[in-house]
Amino acid sequence: MQNKQPVIAPSILAADYSRLGAQIEECNKADIQWIHCDIMDGHFVPNISYGASVVRAAAKSTDAFIDVHLMIENPDAFIGTFAEAGAGQITVHQEACIHLHRTIQSIRRHGLAAGVAVNPATSLHTVEPIINDVDLVLLMSVNPGFGGQSFIRSTYQRLQRLCTMREEHKADFFIEVDGGVNLDNIEKISRSGADVFVAGSAVFKAPDIPARINELLREAKAGKEMVI
Ligand SMILES: O=C(CO)[C@@H](O)[C@H](O)COP(=O)(O)O
């Protein structure tokens with residue numbers, strides 16, 4: 001089993017946009033490595049979030065790696081836009097890509113890390129042919145579209161299966177989990193194989209954001225240590 005250092009990726013979907021810079025500054029105090037940006041188009045998912053201007057503002061507020069998750073139809077049309085806005089990585093949905101391999105190549109041509117996301121009801125086998133071509137596989141642990149939902153428990157087993165698949169293919173991608181991650185479940189999510197933990201409500205609804213990030217990281221590390 002691989003053992004990457006755990007990464008907490010605060011999702012600014014849950015931030016107070018009227019003071020986004022200050023909220024990201026709170027994350028910076030915890031020395032976060034990644035900031036997660038959720039782009040929703042009202043078509044692929046039943047909600048609209050924000051676009052490249054907010055990603056650009058977020059990127060200006062932190063030195064952290066900007067992890068952009070496109071929950072949109074036709075992501076190919078927007079890769080350049082988000083690359084220019086400051087993305088370090090773009091993750092597209094398997095379900096939204098007709099030519100997934102071509103889309104991954106396009107993300108790489110823009111000089112970015114490339115990820116693929118799968119919805120809770122999508123078989124992991126649908127991404128097996130490209131797992132040696134991506135930097136990250138994102139397992140949705142809620143149905144995409146909204147923050148503040150409950151973690152879907154079947155994700156634990158899917159994480160274990162994805163870890164096995166990674167070993168079998170001698171692949172090296174990060175495994176990211178997104179949706180309903182909190183202090184009560186992060187240790188088990190980590191133990192099940194996740195490397196990157198997207199947390200929206202758990203971070204931005206906390207009374208002390210840096211303290212909460214550090215608590216989440218401590219629990220994620222504890223989960224990893226149990227796997228060794
Ligand atoms: O992409 C999504 C939801 O579609 C997630 O990134 C949420 O933003 C996570 O939010 P919480 O479940 O942590 O509140």
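In case you wondered, yes, glycine gets a Cβ from its N, Cα and C as well.
Taken from TrEMBL, the feature substrate binding site applies to S11, H69, G145, F146, G147, G148, D178, G179, G180, G200, S201. Contacts of S201 (substrate binding site) defined by a Cβ separation under 8 A and a same-chain sequence distance of 6+ are given as A14, G147, G148, N182, in order along the sequence.
What TrEMBL records for H36, D38, H69, D178 is divalent metal cation binding site. Under a cutoff of 8 A between CB atoms, and with a sequence separation of 6+ in the same chain, the neighbours of D178 (substrate binding site) are S11, H36, H69, A117, L138, L139, M140, S141, V142, P144, V198.
The active site, proton acceptor annotation in TrEMBL covers D38. Sequence-distant contacts (6 or more apart, same chain, Cβ under 8 Å) of D38 (divalent metal cation binding site) comprise S11, I12, L13, S49, H69, M71, G147, G200.
In the three-state DSSP scheme, D178 (substrate binding site) falls into the strand class. Sequence annotations record features per position, and here TrEMBL assigns active site, proton donor to D178.
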Counting across all protein chains, other CB atoms within 10 angstroms of the CB of G180 (substrate binding site) number 24
Other than H36, D38, H69, D178, which residues of the same chain sit close to divalent metal cation? List them in sequence order, counting a residue when its Cβ is within 8 Å of the Cβ centroid of the site. A9, S11, L13, C37, D67, V68, M71, T91, L138, V198, G200
Given a separation of at least six residues and a C-beta threshold under 8 Å, show me what packs close to G145 (substrate binding site) in the same chain. M40, V45, P46, N47, M71
Can you count the other CB atoms that lie within 10 A of the CB of H69 (divalent metal cation binding site)? 29
DSSP says G147 (substrate binding site), in three-state terms, is coil
